[in-house]
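What TrEMBL lists as active site is 257, 308.
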Ligand SMILES: CC(=O)SCCNC(=O)CCNC(=O)[C@H](O)C(C)(C)COP(=O)(O)OP(=O)(O)OC[C@H]1O[C@@H](n2cnc3c(N)ncnc32)[C@H](O)[C@@H]1OP(=O)(O)O
Ligand SMILES: O=C([O-])CC(=O)C(=O)O
């Protein structure tokens, strides 16, 4: 048996959903640049789940289905009110909320294709309502009822702030959702596939994926990027902070990637978006600090930013609380997770690799009195 630490380079499945080849990322054959420019998040979800971009009629029907399913059982919000609101992390709340959502879906255990597609729609529609609702509850406010006339992106910002976002805000957020929607066999997607390959239900698959996304080596990095920028505070402290961290063998969040070695194509788009919004807001402090960190990291470590680096500045300017950055990632990645879960069900085999044992050799149990 051979082992590969962290399964690096191991091809664990075939998939027709997204591909990363020569640093080019595609969803169903369309480049991420084209999709960010020319499609919306709703179109991207449809593409990921159905393999083709929707026609105008298909898109209208799909948007209506999402909007109709956006409400969540009130019990979920009532539970949230009893959580330790001062200390609980929103990703822990989201993990619990998605699991609880399954309890309230009478069709949760149905495994036919149609029921699974319906569950994907319910999960995608409701996850934004849950994240925004929790953000309100912890401020002592009532969740905002979803607005069916808004796009998915605009509606999330609306439910978060109780204010319809500007066109630019909605557009920028929509693009960020498109960019984060899927990424081949990343850790959380793999987790989701492993879970449902036992023929467990979709709620279990998405709950497991949220648990994996939460970690700072994966989706949790976007919040940590922001924490780092806050700790550095100002551009003149960037050198000291970064050099000191590298000297102490600390990782700089938002840099490096298991697959991309010449740069993450999404980071380039997010960087432009972060710069545009910074200029528009008249405050480029975070963007300027980020730029300096990027230059330093390239020079000192040859490492480039990943998708979590500039998305932190972008979300901050959009007024999203820092600990909601990873839940926002989960909102987008639910579309990819669901696509992979549907693909896994379609041609399933249990995922069960081996471990090379390196523990003690076979030995006898010493009776208690002699230990
Ligand atoms: C959406 C996403 O999940 S994107 C990734 C988000 N995660 C982060 O931004 C966290 C910071 N980055 C990292 O921890 C890593 O680059 C990962 C987890 C993304 C990829 O990890 P791996 O492919 O396992 O690379 P690994 O952690 O083994 O790093 C290889 C080398 O580069 C160094 N390195 C990698 N990333 C960084 C970093 N961000 N800062 C400093 N050094 C780094 C490691 O210390 C290691 O050095 P060594 O060989 O001298 O020990
Ligand atoms: O692919 C990965 O390893 C991490 C990930 O989810 C992404 O970059 O979007």
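Just so you know, glycine gets a Cβ as well, placed from its N, Cα and C.
Counting in whole angstrom, residue 257 (active site) lies 10 from residue 308 (active site) by their C-alpha atoms.
Among the active-site residues 257, 308, the residue whose Cβ has the fewest other Cβ atoms within 10 Å is 257. In this structure, residue 257 (active site) belongs to neither helix nor strand by DSSP; it is coil. Residue 308 (active site) falls within a helix when secondary structure is assigned with DSSP.
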